[in-house]
Every structure is written in structure tokens, then in C-alpha cells.
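Below is one structure, written out as C-alpha cells, with a few remarks after it.
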Amino acid sequence: MQNKPVAKIPAQLYMGGLDLRVKEADLYNLLKRFGDISNIRLCRDNTSSYAFIAFKDPEVSTQVQRELNGFEFRNKHIHVSKAIQQQWETVANIFVKNIPDSVTPKEFGELFSKFGSIISCKLCHDTEGKSLSYGFVQYESSEYAETAIKNMNGKYWKGNELIVQIFVPLGLRINATANSNLYVRGFPSHYIEDDLRNAFAPYGKVLSVAIMLDNGRAYGFVCFSTAEEARAACEGKNNTQDHDFVWYVMPHMSKIHRKKVLREQYLMQVDEWKKKNLYIKNLDKSIDENRLYDICKEYGPIKSLKICKMENIKYDSDGNCKKEAVSKEIAYVHFENEHHASIAMNELQKKLIEGKKLYVAKWKPRDAMKKIIGQFKTQKNMKFPIMPNRGFMPTRAVPIFPIMGKSNIMPYQQHMPRARVPRTINPPIPPPPPMHIPIVNEQKKPLVFRVDNIDQYSIRDLGENLYPIVLKLTNPQVVGKITGMLLEMDKIEVINLINDESILRARVGEAVEVLKKAWAQNKDALAVLSSLG
């Protein structure tokens, strides 16, 4: 079958397998000795680097391909071929196996170039540069490929018998022995091949057996003459007791096929978990698995449950270390069916267990949770600090800095618990020119917030009342930044700040010190803080 002609760029080459650190100047220095270069285009991503090189003389590209294909450049074997705009038919692509380790890419290309014009020729190597003893040759037409197979398949080259055949894409390959080959494990490690052969001989003609050891664990392969015999052996031997062990016998699968099957099984299991598995949070530490089982069993049959625990280390008076498992107040309960799981979720949310209200939801896989958390963080980062209400709105816009992470200000010990500490501090934003300070209505008294009614106040309510007080203690350039830092605290702490200006003044001073350390390398930003002491 004749290949369809492929549109190509006559004097352009593709160069793949480049080191990620290679630059265009390095390629120019490598190629300039061959002739005039009209263009070099280097492409790279996180894992690969390749380039397209165009020469003014079309004959030069042929010479470069012949001499540099497989050449070791920067400790990596590069692949050089003609640049094409679409894939060639696989019927002109041949696969060569059992190539001697001493063969170089140049020798490999020269051996097969005598059968026709080659588009691409590649001798495969591992990550350490060692030959993998196989390669690929892409000809311009199927006639050249057929000639190469006829002349080279079965021929000896440097002591090795070559296997040359048409390349078959992975998705089209059919393993003739896949249905007659079995994977076996469970037998003792002292078994030899004859023992394994005798164990499966009653089911048919055994063509070959192989035993392997992995850290003392034995497994093997048994190949029958027909698929029917292998199927009978699998059905008759799998999960059967033999002396003091149990046979595990399954049809042999390639690594790719096995990964696909395991992936499908896992996704099916995940789909079941999402429907029947509950995630419970805020459990009391005194509740163990038996108590949790008694709480949940009234809603339906339970398949399994688990309370997550962590290791807690304590030291006695003598300095001896004692380890104990402590509940993380998180549990998973897997019900027999989805209906019972839904009932349990609805009912448990209404209950108080040991005086604590539970958080109960359907289980979600880790990837889904990461995605949800990522979306939440993105939305949170897009939010701005709370703006003051109309009574405190400036006549011109007051510059507001984005809310940073939780501050590491030390709390004022008289009235408040310890504030939370951030892990990082965002880099400072250069301050804009001073703006007009808003005129505050002095006659309007601020709201008095009550701690016993904390649930009725929103963050916006607190922010609108905190902003003008902070403004009196700072300046328009940093008021938004500091207000945002303070609003990261608990509501009760923010209410204490609003109701007691002396506490607020101390906290604002600590916030200013935090900003000075964070903006130590920014003179313009420090100038804004200089007036604050």
C-alpha cells in the first residue's frame, strides 16, 4: 500500500530529546558548522524540550540528520528528523528489536538507510543513556519498510538476531497469549517450577511456567496451550485451599491493561463511597468506635466505621515518654445502602452528642476536596477589606490594601485570648499619594456591641464600625490594611476592640510593628508608617 504524500517543509528539521537547560545559542553553536541557518525555534514545557531548525540549503538538513541523529548533546541523546506537518501512516514505520548494546544511533540509521529514504530514525535509551536494544525507523513509503523487513528480519548483526516488523500502535495490539496466560500467587516461596507445573497440569497442557520472588513473596505465571484450559484452571484453582495457603489465580494482564482495570474498579468504589459514606466532624474525644457504632446503628446497617486518631506524646514526672492515640474528632461511617446514609446524615445533624453539635456530610474524595478548598481560597483572596458605611465614606476614594493573612500580633492580655498567627506576610504594595481624609460625623455615636449577642453581628457590621476608629489612630494609606488584619480575629475579640479604644490602640501599635518588619525592604512603604511611631 502506497502512503499518501505528506506536506512538509523542505529544509526544516525537528530536534527532540533536548536537555531542558539548552538555549537557542547552544543550538546555533552546534549547527553553524553545517551551513547557514535561517531560523531556530526552541520549544519547552515542564518535562520536555525540542526545537525546529530551518536551513537555507535543503541538502544541509539531510547531512545534519545523518550526523546528529542520536548524538549525545549535554548528556542526552537527541533525536533529529525531518519536520512534517502531519503524521505518516504506520504501515511505513518499522520496529526493530534485539539491537546489540554496542550499536550507535549513527550505525543504526546507516544500516536501514540503504533500503529507502528515511523520515525518522530513533534508537531508544533509558534515562542513564543506556541502550534499550530496540528502535524505530520511519520510511517515506511502505515499499521501503517492506524491503527493510524482508532483508533484515532474522538477520544477525554483531552477534544478535534482529527482529524487524511493522510497528503496531499500542491501542491496536492484540496479545495472542494473553487469554492463555495466568498470573498466580499465594503459594509458598520454596516452590520450584516443577511444583507449579504439577499443580496446574490437571487442567491442560502447560507450555511454560515462571516463578519470581519479591522480598520473600513468591508469584508466578502459567501459560496453557489454549484459552479454554487457562479459563478452566482459573475457575478451578482460584480461592481454593491447598495445605496451609490459598491460591490466587487470575488471567495475566499487561501493566497498562491492569492499571486501566484497577482505575475503573477504584472509580466504581469511589462512586459507592460518595453515596454511602458519611464524614462526621466535631466528635467529642471521649467517643470511641463502639459508642459511635451504637449511635449510628439505629439509622441502618453499618458496613464499617473509623475514628481518625493521632499520636499524643506525654512525659511523666520521671521524664519517661508515653504515647497514646487521641481522637482527632473526625470519623467516617459507611452504611450498607445510600438510603440509610441519607437518613443518618439528616438525623445526626439535629442531635447534640456530649453537648456538641456534629457536622455531618457525604464523603468526598481527596481531589474533589482540594478543588473545593482551592475555589474557596480563590474567592477569599479576591475579597477586599470591609468598606466604611455611608456615615464614614470619604469624599474621595481612600486607598484600601487587600486583606493579608492572619496577623502575628501578640494579644493584649487583659481582656482577650491569643490571636491567631499567620504563616506568611504578603509582600507590601507601594502606597499611593496621600488622599483626602474623610470627615467623620463626631455627633454620631458608634454602636455598642454586646458580647452576649455576638451571632447577630456580621463581619461587615463590625468592619464598618471598626474602620473609623482605626482611621483616627492611623492614616488613610494603611487604615484598610490594619482593619483587615484585625477583622481576621474572632468576633468577640473584634467587639472588645470596638468597645475599648485602649485595647484597640495597643493592637494597632502591634499591627504597625508587624507591617514595619514585613515592609523592611520597601522605603516608600516605611515612609507611610513613620508618622505612626
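Note: Cβ is positioned from N, Cα and C throughout, glycine not excepted.
Since the structure is predicted, the reported quantities are computational estimates derived from the model, not experimental observations.
Database features, via TrEMBL:
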DOMAIN    11-85  domain 'RRM'
DOMAIN    92-169  domain 'RRM'
DOMAIN    180-275  domain 'RRM'
DOMAIN    276-365  domain 'RRM'
DOMAIN    442-520  domain 'PABC'
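Residues in the domain 'RRM' (92-169) partition by DSSP class (helix H, G, I; strand E, B; coil) as 21 helix, 30 strand, 27 coil. With DSSP states grouped into helix (H, G, I), strand (E, B) and coil, the domain 'RRM' (180-275) comes out at 44 helix, 30 strand, 22 coil. Each residue of the domain 'PABC' (442-520) gets a DSSP state, and the totals for helix, strand and coil are 57 helix, 0 strand, 22 coil. In terms of DSSP helix, strand and coil, the domain 'RRM' (276-365) has 23 helix, 42 strand, 25 coil.
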